[in-house]
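Enquirer: Just passing along the structure, written as structure tokens.
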Amino acid sequence: MASGQHVSAIKGAKVLMVGAGGIGCELLKTLALSGFQDIHIIDMDTIEVSNLNRQFLFRQSHVGLSKAKVARDAVLRFRPQISITPYHANVKDTNFNVDFFKQFSVVLNGLDNLDARRHVNRLCLAADVPLVESGTTGFLGQVTVHIKGQTECYECQPKPAPKTYPVCTITSTPSKFVHCIVWAKDLLFAKLFGDKNQDNDLNVRSNDAATSSDHSEDIFEHRKDEDIQQYANRIYDHVFGHNIQTALSNEETWKNRNKPRPIYVKDVLFDEPIQQNGNVDKSNDHLSSLSAMAYLDLKNPQDIWNLRENSRVFFAALKLFFSKRQKDIGNLTFDKDDPLAVEFVTAAANIRAASFDIPLHSLFEAKGIAGNIVHAVATTNAIIAGLIVIEAIKVLQNETKNCRMTYCLQHPSRKMLLMPVEPFEPNKSCYVCSETPLLLEVNTHRAKLRDLVEKIVTSKLGMSLPLITHGSSLLYEVGDDLEEDMVANYAANLEKVLSELPYAITGGTIITVEDLQQELVCNINIKHREEFDEENEPDGMVLHGWTPAPAAENSKDATDNNGASTSSTSKSAPDVIEDDDDLSILETGIETIPAGGQKRKLSDVSNPEPPVDEKRAKKIPMHPENDDDVIVMLEDGNDDISKTTQ
């Protein structure tokens, strides 16, 4: 039975939930059933068919509607007496500012991307509101508590850029090329050439059944009396044309997004037949040499094909599969060492990218973008949601000394699947919560202000509305209320090299970078440097004090060392990013955490003595057979792919 203090803390709390997806549905249900009376939800997404297998508040009839609004209505049916306020919006919208956050007792995150997580972390710090973070990937999950001045903030430790992608993003609203690769490789390729019994729905549905792309027959089935070119045309028009046209009918989806354009065969090839290169040996159908590029006399894999060339490769690859490898169809899985498979996926991904106005990539680049598929587990989301509420109640009762970061494991270790860890103290060198100055090495005679803004301020520091000053002089600002002459002046500054700005940025200069929405201020010391290693320092500038995720090449060493971490920069457990749909792609650079089983104390962080790996050895156990390391998370980069082994 809950104590009076317990009940009072819950009923008097005003809670903000950010995210109404896999974790969010479970969290809203748990909050309502736990007695919370005033809940606000922010989520910009609409409901997709792929959400329905575990986001239990949604039904088929809700497809295309706002997640936040439908979740509210669903919960009010069994808890009509409570107040739930939904916002179908992006949490980064300017109306969700510090004053907005100050009204809440606690903020609970169920997000699926790093950028939004960092944004919410900064707003919570500025508003002095406790934040409970969470994430899941498959059977793995975590809940962490962040209280200003008492525990480390979300950005106190380097966070790997997440490589988990919701299926609703992959199938309906891709915004990055990797989304298109996942769609082409794990959905389209698998549908055309893989196991026919696999549950893989590439059709797009709208609120209007008449416009849905469902067909009475299987659109992807190759009919016996149909030649390959007719079949290829039908597939092309369906996935790149009709499906996109159908998606456009879900108007709610495109309120805050750029609309894609349908692409049909007649618009690209004008019924042009695919011409075969006469030098190709028709009898050579060996797996290692069969190639659409050779078929079309395309030679350089580092060339970026245009839409027409990608379409020709798409048709040529599909034709070669059905004419030369017919016996394999129905049993194929994507293999990055299969040239024809890579060519097909590259072409399909590029055509889809063109539809969504995403920059095209070369075959060489596309081949490097691959990963493992991890299916979302509803039970993990439910466990994590319960843990979020437990920690939120502790925060509301001012029992911060009892707060725990809790990790959900895939395999029991010492008979434990949930591993609690005491929170860490704030990192004194964190540029977000400790305002520690940063150091930027840059060639001030060559780099432009645009490079500084794009490569450092927005990409690495994650600022949404940056303002850059040198002393009392304003060099750059972003905002909707700027005068036209100011906008033109700042645009002109972007194209000037740093040393030629009206108030020159040179070696020894200190600039201030500020985000007014996040109320975050960073001072950056400038150090002039002439040369940079193009391979290891491709940005042409190096930021110190901001620590990126460990390099991808460390992943091999980590595996060879039975999971011993090769990173000396990370002391706390890495994040498991929420898989907001039923599959996610995990990419390169696997982070490992040595096993142990003891809780780690706050004081351990400040002890400089054992190396990072030993300090982390008190973190998380894993396999039942032994207490070796657990591969928990992943790092940034698309250069190499590492598979998780257990």
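Numbers here mean position along the shown chain, with the first residue as 1.
Placed from the backbone N, Cα and C atoms, the Cβ positions cover glycine too.
Unlike curated entries, TrEMBL annotations are predicted automatically.
Given the structure is predicted, the values throughout are model-derived calculations rather than measurements.
Checked TrEMBL, it gives:
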- 8-430: domain 'THIF-type NAD/FAD binding fold' (DOMAIN)
- 19-24, D43, 51-54, K67, 112-117: ATP binding site (BINDING)
- C153, C156, C430, C433: Zn(2+) binding site (BINDING)
- C168: active site, glycyl thioester intermediate (ACT_SITE)
- 324-367: domain 'Ubiquitin-activating enzyme SCCH' (DOMAIN)
- 440-532: domain 'Ubiquitin/SUMO-activating enzyme ubiquitin-like' (DOMAIN)
- 532-577: region 'Disordered' (REGION)
- 560-572: compositional bias 'Polar residues' (COMPBIAS)
- 589-629: region 'Disordered' (REGION)
Enquirer: Sequence-remote contacts (6 or more beyond its ends) of the domain 'Ubiquitin-activating enzyme SCCH' (324-367), Cβ cut-off under 8 Å?
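Expert: Sequence-distant neighbours of the domain 'Ubiquitin-activating enzyme SCCH' (324-367): 174-177, 179-181, 183-186, 188-190, 192-196, 236, 239-240, 244, 258, 260-263, 285, 287-293, 301-307, 310-311, 313-314, 316-318, 638, 641.
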Enquirer: Considering only the recorded positions C153, C156, C168, C430, C433, which residue has the minimal Cα-Cα separation from D112 (ATP binding site)?
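Expert: Going through C153, C156, C168, C430, C433 one by one, the Cα closest to that of D112 (ATP binding site) is C168.
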Enquirer: Using the alpha carbons only, what distance in Å do you get between the residue listed as 'active site, glycyl thioester intermediate' and N53 (ATP binding site) once rounded?
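Expert: Per the Cα atoms, the residue listed as 'active site, glycyl thioester intermediate' and N53 (ATP binding site) stand 12 Å apart.
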Enquirer: Between the binding-site residues D43, D112, D115, where is the Cβ count within 10 Å the lowest?
Expert: D115
Enquirer: Once C153, C156, C430, C433 are set aside, which residues in the chain still have Cβ within 8 Å of the Cβ centroid of the Zn(2+) site?
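Expert: Other same-chain residues near the Zn(2+) site: L125, E152, Y154, E155, P426, N427, V432, S434.
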Enquirer: At 10 angstroms around each C-beta, which of the binding-site residues C153, C156, C430, C433 has the fewest other C-beta atoms nearby?
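Expert: The binding-site residues C153, C156, C430, C433 were compared, and C430 has the fewest Cβ atoms within 10 Å.
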Enquirer: Of the binding-site residues G19, D43, N53, D115, which one sits closest to C433 (Zn(2+) binding site) when you measure Cα to Cα?
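Expert: Of the binding-site residues G19, D43, N53, D115, D115 has its Cα closest to that of C433 (Zn(2+) binding site).
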Enquirer: How does the domain 'Ubiquitin/SUMO-activating enzyme ubiquitin-like' (440-532) divide up by DSSP, counting helix, then strand, then coil residues?
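Expert: Helix, strand and coil residues of the domain 'Ubiquitin/SUMO-activating enzyme ubiquitin-like' (440-532) number 24 helix, 30 strand, 39 coil.
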Enquirer: Can you tell which of the binding-site residues C153, C156, C430 lies nearest to G22 (ATP binding site) in space, using Cα positions?
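Expert: For G22 (ATP binding site), the closest Cα among C153, C156, C430 is found at C153.
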